[in-house]
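Participant: Got a structure for you, written out below as structure tokens; questions coming shortly.
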12 protein chains.
Amino acid sequence: MRIGVIHGPNLHLLGKREPGVYGTLSLSEINERLKTRARTLGVTVETRQSNSEGEIVSWIGEGESWYDGLIINPAAYTHTSIAIRDALLAVSLPTIEVHLSNIHKREAFRQVSYVAPVVLGTISGLGPYGYELAMLALVHHVQKASP
Amino acid sequence: MRIGVIHGPNLHLLGKREPGVYGTLSLSEINERLKTRARTLGVTVETRQSNSEGEIVSWIGEGESWYDGLIINPAAYTHTSIAIRDALLAVSLPTIEVHLSNIHKREAFRQVSYVAPVVLGTISGLGPYGYELAMLALVHHVQKASP
Amino acid sequence: MRIGVIHGPNLHLLGKREPGVYGTLSLSEINERLKTRARTLGVTVETRQSNSEGEIVSWIGEGESWYDGLIINPAAYTHTSIAIRDALLAVSLPTIEVHLSNIHKREAFRQVSYVAPVVLGTISGLGPYGYELAMLALVHHVQKASP
Amino acid sequence: MRIGVIHGPNLHLLGKREPGVYGTLSLSEINERLKTRARTLGVTVETRQSNSEGEIVSWIGEGESWYDGLIINPAAYTHTSIAIRDALLAVSLPTIEVHLSNIHKREAFRQVSYVAPVVLGTISGLGPYGYELAMLALVHHVQKASP
Amino acid sequence: MRIGVIHGPNLHLLGKREPGVYGTLSLSEINERLKTRARTLGVTVETRQSNSEGEIVSWIGEGESWYDGLIINPAAYTHTSIAIRDALLAVSLPTIEVHLSNIHKREAFRQVSYVAPVVLGTISGLGPYGYELAMLALVHHVQKASP
Amino acid sequence: MRIGVIHGPNLHLLGKREPGVYGTLSLSEINERLKTRARTLGVTVETRQSNSEGEIVSWIGEGESWYDGLIINPAAYTHTSIAIRDALLAVSLPTIEVHLSNIHKREAFRQVSYVAPVVLGTISGLGPYGYELAMLALVHHVQKASP
Amino acid sequence: MRIGVIHGPNLHLLGKREPGVYGTLSLSEINERLKTRARTLGVTVETRQSNSEGEIVSWIGEGESWYDGLIINPAAYTHTSIAIRDALLAVSLPTIEVHLSNIHKREAFRQVSYVAPVVLGTISGLGPYGYELAMLALVHHVQKASP
Amino acid sequence: MRIGVIHGPNLHLLGKREPGVYGTLSLSEINERLKTRARTLGVTVETRQSNSEGEIVSWIGEGESWYDGLIINPAAYTHTSIAIRDALLAVSLPTIEVHLSNIHKREAFRQVSYVAPVVLGTISGLGPYGYELAMLALVHHVQKASP
Amino acid sequence: MRIGVIHGPNLHLLGKREPGVYGTLSLSEINERLKTRARTLGVTVETRQSNSEGEIVSWIGEGESWYDGLIINPAAYTHTSIAIRDALLAVSLPTIEVHLSNIHKREAFRQVSYVAPVVLGTISGLGPYGYELAMLALVHHVQKASP
Amino acid sequence: MRIGVIHGPNLHLLGKREPGVYGTLSLSEINERLKTRARTLGVTVETRQSNSEGEIVSWIGEGESWYDGLIINPAAYTHTSIAIRDALLAVSLPTIEVHLSNIHKREAFRQVSYVAPVVLGTISGLGPYGYELAMLALVHHVQKASP
Amino acid sequence: MRIGVIHGPNLHLLGKREPGVYGTLSLSEINERLKTRARTLGVTVETRQSNSEGEIVSWIGEGESWYDGLIINPAAYTHTSIAIRDALLAVSLPTIEVHLSNIHKREAFRQVSYVAPVVLGTISGLGPYGYELAMLALVHHVQKASP
Amino acid sequence: MRIGVIHGPNLHLLGKREPGVYGTLSLSEINERLKTRARTLGVTVETRQSNSEGEIVSWIGEGESWYDGLIINPAAYTHTSIAIRDALLAVSLPTIEVHLSNIHKREAFRQVSYVAPVVLGTISGLGPYGYELAMLALVHHVQKASP
């Protein structure tokens with residue numbers, strides 16, 4: 001089983017900036033933890049980051065060839081990108097959305113989500129550990145679905 | 001470590017009704033799984049269900065005496081109860097909100113949440129397995145917070 | 001055929017208060033009329049009243065064991081209770097909603113109804129006689145549905 | 001006692017079209033049933049149908065000369081016609097509004113009603129049988145009002 | 001003259017929780033002060049607290065038998081309960097609404113009040129002393145109204 | 001100079017109905033007064049009434065052949081008819097809108113006007129005398145515009 | 001009979017500015033015409049202009065001592081001043097509101113009027129001649145009202 | 001194959017009025033072009049125009065007996081007529097909506113369309129040529145659908 | 001201790017106008033009562049009234065030099081004046097807002113308050129006695145705050 | 001004459017995904033048909049696809065050098081991209097917007113279009129054949145415009 | 001070249017109050033800096049402050065006689081005064097709007113500006129230095145405009 | 001001191017397109033002027049332009065390594081990009097937002113700004129000269145902040 005992880009805009013700055021909000025772990029440390037967790041679960045994981053909406057759309061479009069499931073943190077594009085929503089709809093990959101912070105505690109425009117209605121489920125506010133829970137949920141989902 | 005789990009209105013009907021939406025597990029089966037999982041984590045868990053908003057408010061108000069953390073699925077009260085929000089604000093228990101279904105795929109009035117902004121984080125759309133992930137997250141959070 | 005009738009909050013005060021709006025019949029007189037009408041139709045009827053949203057939710061949840069159809073006047077909870085809506089959705093009882101007064105002549109917040117979209121039909125503005133019409137409609141519906 | 005029944009736009013197509021939504025009875029069959037019911041109640045009934053808002057306004061304006069009460073299903077004009085509302089306000093005929101389908105289960109623009117606030121009461125979602133209930137309610141109302 | 005005082009949900013936690021917002025007095029200390037003040041005014045006072053919307057509705061419904069005036073702090077139910085509004089409308093008790101904090105300084109959903117339009121007047125933002133002012137105003141009002 | 005006067009739906013009932021709102025003059029009396037006034041001003045006037053939106057649209061479309069100016073009271077169609085607005089835009093007749101009652105004192109849906117932005121000016125709330133003022137204004141306008 | 005005329009903010013600039021919108025007559029020429037017209041009607045007229053909301057409120061408050069009727073063009077304050085509305089409500093002077101331009105053809109914020117619902121009637125879009133029509137209407141109204 | 005073309009209110013004035021917006025072709029010239037185009041495609045076409053909403057509703061209701069497809073330009077009724085929408089829903093005729101001007105460049109109230117969601121497709125802003133494209137599309141659609 | 005009392009626009013007309021809404025006391029009688037009450041409390045009070053928003057802004061700006069606390073009834077400016085809000089924010093005087101009538105029972109535009117969020121607390125609907133309660137609350141507040 | 005065709009995000013997945021919504025033709029087959037049609041019309045056509053908003057903006061900006069007209073299906077960017085709107089405004093190329101599906105039948109957020117108000121016209125809901133109609137319209141428009 | 005500077009309500013309190021928001025400079029110090037800067041640019045400057053909306057309207061109305069350009073900080077009136085907007089429209093003085101603080105970081109009601117759409121440009125959030133930049137821009141604008 | 005200048009989408013077309021709105025200067029001429037101005041101030045400036053939201057996000061993320069302050073004209077992305085807002089929040093660079101035209105005079109959707117609340121200040125409507133003023137303000141700000 002192969003899992004793709006897509007990190008959206010500004011997430012490459014994690015750990016160095018606003019640690020009060022986003023924690024002190026860098027993106028590569030988060031990816032490292034995910035890979036460690038993946039090994040214990042016997043799955044492979046590939047992580048990517050992009051600031052470009054179009055690039056994320058392209059990655060999702062090609063996703064079925066490479067992955068059995070997707071974890072996505074669309075960051076700011078959560079609230080503005082219908083293109084990412086359409087891409088997720090176009091492919092039939094089971095996907096889980098992750099947010100590091102509890103977006104319900106933030107500005108009103110972060111309450112609107114184009115992505116949440118088209119994914120399997122959402123995990124928000126639980127920090128980097130949320131990615132690991134998403135991986136558990138994805139493995140659980142795929143195993144339950146396959147005979 | 002002791003964890004309280006509060007199930008909101010209509011959840012006592014789980015398994016028997018609308019299995020297409022809410023799954024085929026009954027509430028007692030879900031609670032059983034949670035207790036099994038709790039034993040492997042070395043924590044104790046207590047589960048409750050109520051159709052009464054006032055009773056849930058009272059349970060939360062007394063929660064600090066009995067629990068180190070809370071898992072709550074407020075069901076329909078998620079969208080209408082400021083009293084439950086105020087109760088959660090009044091106590092300092094780390095709390096995780098769980099929804100069985102992906103509420104973002106449902107009616108507009110289910111998009112409003114009075115609870116989400118005052119909890120640690122939210123897990124939605126991942127079925128009964130979401131409760132187990134919430135328990136993992138709660139243990140992870142308490143261990144990280146304690147020296 | 002058994003029919004349950006649920007009267008919502010403040011309806012126990014009927015007849016004594018605001019007769020200009022709600023008429024001069026007391027709740028027990030209305031219930032008496034319903035029972036008389038039921039006898040002529042050869043059905044049994046059971047009436048209940050509660051000020052508690054949670055209690056009404058519980059009664060609906062147990063309704064399938066006891067009734068073949070439901071008449072409900074959710075009063076103020078019509079406009080605020082998603083829990084009652086969810087309870088009605090959870091059981092498969094044919095249900096008719098009744099309002100004594102014409103709620104469309106009243107405040108804007110009484111125009112929102114969480115119950116109307118999940119019931120068979122609605123009768124409003126026809127006073128206590130509306131309950132009797134609801135009973136007729138329920139009998140008509142059940143007879144038409146059964147072979 | 002004479003009762004007028006006004007059917008609004010597109011209702012002449014009943015029975016032949018969209019039977020899943022509006023039932024399989026044709027308009028003339030519904031009118032026939034109403035006349036049968038009227039005979040048992042000792043009242044006379046006259047039924048009309050028009051696709052023209054202006055014609056319906058004219059019929060209501062002349063209504064007091066011919067009827068003691070009115071049953072109206074304004075269909076699509078329910079949601080757009082202030083002229084029909086004004087006509088009902090201009091005459092002092094007791095009127096009951098009927099809708100075949102439960103309009104609260106349909107599009108948002110069907111939730112707005114210009115007619116509901118100016119009639120005695122509303123019966124919706126109970127199919128053609130709703131017209132018969134409306135006739136019962138009208139007779140009940142007029143008898144109660146006359147000494 | 002007898003005055004009833006109804007404290008809404010979560011107010012039993014006063015003094016112990018969020019003293020920065022709600023002050024350091026416990027609910028029993030506030031009640032004690034009200035009773036002392038009542039004695040100097042020659043009136044009797046009875047205080048109650050409930051987390052249950054239905055119970056508060058029931059208390060108000062029975063209020064006329066026991067009280068000459070009411071002081072109510074509906075807390076979170078201020079913003080969500082049409083049932084409490086209807087109960088206050090159903091009885092003819094002069095009532096004054098009290099809020100400890102200035103609700104206009106708080107979240108938008110606390111700006112909507114179902115209770116304010118049906119009471120005599122409102123006192124908000126003046127802490128526990130607001131209850132004493134409400135008692136003064138109630139006595140003043142009843143004396144002015146009686147010949 | 002020839003002036004056309006168009007009275008909209010329900011205005012044929014004037015005088016007989018709701019005299020508290022619309023005054024005690026019948027439509028033919030109002031028309032008589034307008035003709036008297038017209039003679040003193042040396043203009044001819046033609047009055048029409050229709051309950052049909054389409055008929056009013058047709059009259060306006062033919063208006064240029066017959067009139068030098070138009071007075072219109074679109075009644076309920078003021079608030080719902082874009083077709084009448086488009087008809088007025090299609091012809092280049094100077095037009096004055098008249099309302100018998102002060103529509104700003106009435107329901108919110110009567111505040112929206114599709115006609116007001118495309119006419120010369122509006123006179124409202126001045127009763128039947130408003131038609132006479134409109135005729136004065138129309139004569140004043142045409143004389144000022146012609147060399 | 002004495003009539004007061006109150007011109008609101010910026011109207012002292014009439015004639016010199018934006019003649020395309022407001023015409024080429026200066027405020028003193030308009031006042032002159034009003035006085036000429038007043039003489040032919042046998043009434044006296046007094047005209048005032050102020051840029052200050054408070055001053056206009058004061059003039060209205062004293063109006064009953066000096067006038068039998070009021071003509072007011074509140075200009076920009078039409079859309080923002082509840083104080084002028086309250087002043088008009090506080091005195092019982094028959095008042096007619098005049099606007100030189102057709103405000104319905106302008107910005108959305110000019111569609112809101114605090115004044116229109118509390119006056120006898122409104123004349124808009126008919127230029128300076130609108131003041132003369134308002135004077136006719138006021139005389140007509142007072143004569144009809146006095147025995 | 002027979003195609004019906006329905007032109008809505010005010011379109012009989014085409015060519016003579018506002019040529020800057022709607023072009024210089026008269027309605028009969030447009031109809032002539034459509035008939036010429038129809039002959040080259042081997043289909044018959046019938047064109048109608050009405051200012052009456054009710055008449056258009058009636059024509060659509062009878063449409064299935066006479067046509068295999070419909071082209072409709074509802075003009076002003078596009079934005080206000082739920083009755084036309086319901087008529088189109090009631091018949092199963094493939095229908096294409098045409099607008100001469102680009103309605104998205106015009107007033108806000110022309111952005112709301114009751115017709116667009118129930119037709120096959122929409123062509124707007126392409127002038128009279130839009131009718132010819134609609135005819136091409138209708139023929140293309142029917143040929144593709146038939147075996 | 002010195003207290004300033006500011007009465008907003010139209011309040012100089014109290015007692016003479018609309019006694020049904022605002023009571024029969026004149027402003028000077030209300031001020032007299034406040035002074036009597038002040039003497040018994042050992043504080044001095046100064047009362048002012050203005051119809052001018054700018055003058056009220058100026059008075060508040062100078063308030064710290066002259067007063068230890070402020071009572072303000074901004075009347076109509078409550079709902080429109082950001083300038084008064086800014087003035088109250090600029091000075092550090094404890095302030096209590098008073099409304100004679102229960103503004104929550106009135107028009108929607110009176111529900112918006114720019115002043116409430118920046119004062120200590122609000123007393124509304126208790127008539128002239130509300131000013132006296134405000135004075136009690138101000139004295140109570142200042143004494144509690146001073147050591 | 002040269003025509004540019006720009007396909008927006010996710011359209012490279014056409015044919016393979018959601019054929020129920022978007023048809024079974026792949027993007028290259030659609031392009032092939034367009035080229036065939038172009039040859040019969042004697043025009044040249046160039047087709048491009050991009051998932052990147054910025055790239056589409058750049059292509060439009062350079063469009064005048066290469067094309068005489070543009071056909072654009074902005075897909076998801078229709079509803080979110082002001083940048084594409086600005087690019088179309090910056091160049092003076094006649095442009096026609098095409099949507100494969102009838103966007104008026106879909107989610108509310110797809111009703112907002114930033115592109116429609118700045119193009120010549122729109123064709124929606126007619127499947128891949130809509131591109132061919134757009135090409136016909138573009139040729140028709142350019143030929144009519146050139147002498 | 002002569003420049004007028006108008007400071008709106010509460011700005012006379014600058015420097016003494018809320019220095020964290022508005023800085024520590026007093027209004028006279030700001031005016032002094034502006035005069036110094038004016039001398040180096042060879043222009044004359046006159047500064048005024050008023051708490052009265054009407055007075056500011058009057059100053060603008062007279063502005064053309066005295067100034068070649070205007071700098072205005074309307075403070076709270078920015079968001080509520082249509083009268084100031086109308087005054088600026090009535091005179092043809094080039095005007096630049098200045099705000100000391102970044103109003104976009106503040107309450108929602110400060111996002112509405114009646115002034116911004118009718119001035120040359122806006123400078124906000126740059127403190128007292130913003131006035132100097134406005135003077136530079138005004139000189140730059142006038143020099144560019146004059147041959 | 002080093003200043004970065006970022007020009008958003010479509011700004012590379014400046015000077016050649018819509019000179020009536022955006023002026024006749026090309027982007028390279030504007031950049032040249034900025035560099036000339038920079039030399040006189042003793043600072044270095046680097047200018048960049050991109051049509052890609054993702055690329056602008058990346059530039060801002062790297063900005064702290066290269067610049068002491070930022071000038072940004074996000075053009076169309078001002079109104080749609082939360083990602084650019086987040087990038088500005090993530091870095092601690094003092095930033096000034098510039099708009100060539102007065103965006104408050106344009107469409108409603110250009111009134112929403114995601115960028116304005118997170119920058120130091122905004123300069124709009126002053127043409128290319130606005131960039132020079134922004135540079136002055138940035139130098140002024142940095143010098144004031146450094147000891």
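Glycine is treated like the rest: Cβ placed from N, Cα and C.
All annotation found in TrEMBL is predicted automatically rather than curated by experts.
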Participant: Do you know which of H:ASN51, H:ASN73 TrEMBL groups with H:HIS79, H:ASP86, H:LEU100, H:SER101, H:ARG110 in the substrate site?
Facilitator: H:ASN73
Participant: What does DSSP call H:ASP86 (substrate binding site) in the simple three-state scheme?
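Facilitator: For H:ASP86 (substrate binding site) - judged by DSSP and reduced to three states - the answer is helix.
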Participant: Can you tell which of H:ASN73, H:SER101 has the least company, meaning the fewest other C-beta atoms within 10 angstroms of its C-beta, among these binding-site residues?
Facilitator: H:SER101
Participant: To the nearest whole angstrom, what is the C-alpha distance linking H:SER101 (substrate binding site) and H:ARG17 (site 'Transition state stabilizer')?
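Facilitator: Here the two Cα atoms are 14 Å apart.
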Participant: How many other Cβ atoms are found within 10 Å of the Cβ atom of H:ARG110 (substrate binding site), counting all protein chains shown?
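Facilitator: The Cβ of H:ARG110 (substrate binding site) has 16 Cβ neighbours within 10 Å.
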Participant: Compute the C-alpha separation of H:TYR22 (active site, proton acceptor) from H:ARG110 (substrate binding site), stating it in Å without decimals.
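Facilitator: Cα-Cα distance, H:TYR22 (active site, proton acceptor) to H:ARG110 (substrate binding site): 16 Å.
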Participant: What number of additional C-beta atoms lies within 10 angstroms of the C-beta atom of H:LEU100 (substrate binding site)?
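Facilitator: H:LEU100 (substrate binding site) is surrounded by 23 other Cβ atoms within 10 Å.
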Participant: Using the residues the record lists for substrate (H:ASN73, H:HIS79, H:ASP86, H:LEU100, H:SER101, H:ARG110), what whole-number Å value is the largest Cα to Cα distance?
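Facilitator: Greatest Cα separation within the listed binding residues comes to 25 Å.
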Participant: Cβ within less than 8 Å of a chain F Cβ is the test here; which of the recorded positions H:ARG17, H:TYR22, H:ASN73, H:HIS79, H:ASP86, H:LEU100 meet it?
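Facilitator: So the ones by chain F are H:ARG17, H:HIS79.
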Participant: Using a 10 Å radius around its CB, how many other CB atoms surround H:TYR22 (active site, proton acceptor)?
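Facilitator: If we count other Cβ atoms within 10 Å of H:TYR22 (active site, proton acceptor), we arrive at 19.
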Participant: Counting Cβ atoms within 10 Å across all protein chains shown, which of the recorded positions H:ARG17, H:HIS79, H:HIS99 comes out on top?
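Facilitator: Answer by Cβ density within 10 Å: H:HIS99.
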Participant: Do me a favour and check the Cα-Cα span between H:ASN73 (substrate binding site) and H:HIS99 (active site, proton donor); whole Å is fine.
Facilitator: 6
Participant: Note down the number of other Cβ atoms within 10 Å of the Cβ of H:ASP86 (substrate binding site), including every protein chain shown.
Facilitator: 23
Participant: Find the one among the recorded positions H:HIS79, H:ASP86, H:HIS99, H:LEU100, H:ARG110 whose C-alpha lies closest to that of H:ARG17 (site 'Transition state stabilizer').
Facilitator: H:LEU100
